[in-house]
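> Pasting the feature list from Swiss-Prot:
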{"type": "ACT_SITE", "residues": "CYS140", "note": "active site, nucleophile"}
{"type": "BINDING", "residues": "ARG1, ILE2, ASP23, ARG68, SER110, ASN304", "note": "NAD(+) binding site"}
{"type": "BINDING", "residues": "SER139, CYS140, THR141, THR170, THR199, GLY200, ARG222", "note": "D-glyceraldehyde 3-phosphate binding site"}
{"type": "CROSSLNK", "residues": "LYS174", "note": "SUMO2 cross-link"}
{"type": "MOD_RES", "residues": "TYR30", "note": "phosphotyrosine"}
{"type": "MOD_RES", "residues": "SER136", "note": "phosphoserine"}
{"type": "MOD_RES", "residues": "CYS140", "note": "cysteine persulfide"}
{"type": "MOD_RES", "residues": "CYS140", "note": "S-(2-succinyl)cysteine"}
{"type": "MOD_RES", "residues": "THR170", "note": "phosphothreonine"}
{"type": "MOD_RES", "residues": "THR172", "note": "phosphothreonine"}
{"type": "MOD_RES", "residues": "LYS182", "note": "N6-malonyllysine"}
{"type": "MOD_RES", "residues": "LYS182", "note": "N6,N6-dimethyllysine"}
{"type": "MOD_RES", "residues": "LYS203", "note": "N6-malonyllysine"}
{"type": "MOD_RES", "residues": "LYS203", "note": "N6,N6-dimethyllysine"}
{"type": "MOD_RES", "residues": "LYS215", "note": "N6,N6-dimethyllysine"}
{"type": "MOD_RES", "residues": "LYS242", "note": "N6-acetyllysine"}
{"type": "MOTIF", "residues": "233-238", "note": "motif '[IL]-x-C-x-x-[DE] motif'"}
{"type": "SITE", "residues": "HIS167", "note": "site 'Activates thiol group during catalysis'"}
Amino acid sequence: RIGRLVTRAAFTSGKVDIVAINDPFIDLNYMVYMFQYDSTHGKFKGTVKAENGKLVINGKAITIFQERDPTNIKWGDAGAEYVVESTGVFTTMEKAGAHLKGGAKRVIISAPSADAPMFVMGVNHDKYDNSLKIVSNASCTTTCLAPLAKVIHDNFGIVKGLMTTVHAITATQKTVDGPSGKLWRDGRGAAQNIIPASTGAAKAVGKVIPELNGKLTGMAFRVPTPNVSVVDLTCRLEKAAKYEDIKKVVKQASEGPLKGILGYTEDQVVSCDFKSDSHSSTFDAGAGIALNDNFVKLISWYDNEFGYSNRV
């Protein structure tokens with residue numbers, strides 16, 4: 001799913017040239033159908049067709065591979081330099097490194113990784129070193145939380161914090177109750193329940209903002225909505241600040257260094273208003289509250305599919 005939406009984002013922005021796609025599970029005609037029609041984001045606004053064994057999007061012919069083993073994909077022959085690894089399976093340096101054997105020069109893992117360096121755009125992307133061949137783009141929740149946490153920490157200091165993400169359904173969940181390994185709750189029907197779940201998103205912020213390492217943790221509630229999630233960051237501030245001061249610095253960041261990554265709104269918004277929004281995170285000024293000048297609850301929305309795909 002993220003692979004398809006990264007492709008949509010690439011054709012929408014025009015910043016990236018898609019030359020090849022690997023999908024061993026569906027044939028070319030099915031690829032056309034799945035790319036063209038999307039239950040959440042609507043029909044693709046351009047043209048898409050199958051022609052001469054290639055997927056043709058907006059007139060651009062894309063080479064198709066159907067390999068289960070990434071070492072067999074001839075990325076180099078197709079002219080691919082950067083590979084987006086979005087299967088959710090090959091997320092370690094060793095496994096993702098298989099793409100390099102086929103001629104790719106770099107691999108971006110669209111998930112958290114146990115050992116690959118992790119980067120969040122707008123937060124620690126400037127630490128990227130050109131010698132790195134394999135990197136992780138973290139998770140959608142980390143890419144929402146980290147820019148907000150950075151702005152707050154840079155201006156007021158975060159002593160400690162707890163994050164809750166109210167998260168839309170994703171493909172790992174069950175349509176009806178079913179077995180789910182050791183995570184029994186995760187196996188309950190996604191459309192019927194609010195499901196408490198674990199997330200490493202808050203702890204991962206400590207990897208991209210080292211000063212916050214050990215200061216944040218969090219959990220998730222999976223809720224029966226198809227897309228768009230929201231982060232609640234409740235934190236203690238080092239430096240006292242009125243809620244108006246917080247709004248001011250977030251707004252400034254959204255118009256300056258984090259423009260396009262961190263959004264800001266004072267409107268009376270709800271989750272559907274962020275469908276297909278390309279920001280990593282949009283601060284909801286009207287939804288947050290302060291207990292006092294050192295203890296605040298901050299709310300930020302994200303399209304967990306499309307916002308994340310635009311950062312990839």
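Note: Cβ is positioned from N, Cα and C throughout, glycine not excepted.
I would like each feature placed in context: is it buried or exposed, what are its neighbours, and how far apart are things?
In the three-state DSSP scheme, CYS140 (active site, nucleophile) falls into the helix class. With a 10 A radius on its CB, CYS140 (active site, nucleophile) counts 28 other CB atoms from all the protein chains.
Secondary structure at ARG68 (NAD(+) binding site), taken from DSSP and collapsed to helix, strand or coil, is coil. The Cβ neighbour count for ARG68 (NAD(+) binding site), using a 10 Å radius over every protein chain in view, is 11.
Under a cutoff of 8 A between CB atoms, and with a sequence separation of 6+ in the same chain, the neighbours of SER139 (D-glyceraldehyde 3-phosphate binding site) are ALA111, PRO112, THR199, GLY200, ALA201, ALA204, TYR308.
Counted within 10 Å of its Cβ, the other Cβ atoms near LYS174 (SUMO2 cross-link) come to 17, all protein chains included.
Here the Cβ of TYR30 (phosphotyrosine) has 12 other Cβ atoms within 10 Å, regardless of which shown protein chain they belong to.
Taking Cβ-Cβ distances under 8 Å and a sequence gap of 6 or more within the same chain, the neighbours of SER136 (phosphoserine) are THR91, ILE108, ILE109, ALA111, PRO112, SER113, ALA116, PRO117, MET118, PHE119.
Listed in sequence order, the residues of the same chain lying 6 or more apart from THR170 (D-glyceraldehyde 3-phosphate binding site) and placing their CB within less than 8 Å of its CB are ARG222, ASN304. Secondary structure from DSSP puts THR170 (D-glyceraldehyde 3-phosphate binding site) in coil.
For THR172 (phosphothreonine), the same-chain residues 6+ apart in sequence whose C-beta sits under 8 angstroms from its C-beta are ASP186.
DSSP assigns LYS182 (N6-malonyllysine) to coil, not to a helix or a strand. Within the same chain, no residue at least six positions away from LYS182 (N6-malonyllysine) has a Cβ under 8 Å of its Cβ.
The secondary structure of LYS203 (N6-malonyllysine), as reduced to three states from DSSP, is helical. LYS203 (N6-malonyllysine) counts 18 other C-beta atoms within 10 Å of its own C-beta, drawing on all protein chains shown.
Counting only same-chain residues at least 6 apart in sequence, those with a Cβ under 8 Å from the Cβ of LYS215 (N6,N6-dimethyllysine) are ILE158, VAL159, LYS160, GLY161, GLY206. Under DSSP, LYS215 (N6,N6-dimethyllysine) is assigned to coil, being neither helix nor strand in the three-state scheme.
DSSP assigns LYS242 (N6-acetyllysine) to coil in the three-state reduction, placing it in neither a helix nor a strand.
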> Please find, for SER139, CYS140, THR141, THR170, THR199, GLY200, ARG222 as listed binding D-glyceraldehyde 3-phosphate, the greatest distance between any two Cα atoms, in Å.
16
> Within its own chain, what residues at least 6 apart in sequence put their Cβ under 8 Å from the Cβ of ILE2 (NAD(+) binding site), listed in sequence order?
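VAL84, SER86, SER110, GLU305, TYR308, SER309, VAL312 - these are the non-local Cβ neighbours of ILE2 (NAD(+) binding site), listed in sequence order.
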> Provide the number of Cβ atoms within 10 Å of the Cβ of HIS167 (site 'Activates thiol group during catalysis'), excluding the reference atom itself.
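HIS167 (site 'Activates thiol group during catalysis'): 23 neighbouring Cβ atoms within 10 Å.
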> Select one residue from ARG1, ARG222, LYS242: among these recorded positions, choose the one with the most other Cβ atoms within 10 Å of its Cβ.
ARG222
> Centre the Cβ atoms of SER139, CYS140, THR141, THR170, THR199, GLY200, ARG222, go out 8 Å, and tell me which other residues of that chain have a Cβ in range of the D-glyceraldehyde 3-phosphate site.
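For the D-glyceraldehyde 3-phosphate site the neighbour list reads THR142, THR165, HIS167, ALA201, ALA220, SER229, ASN304.
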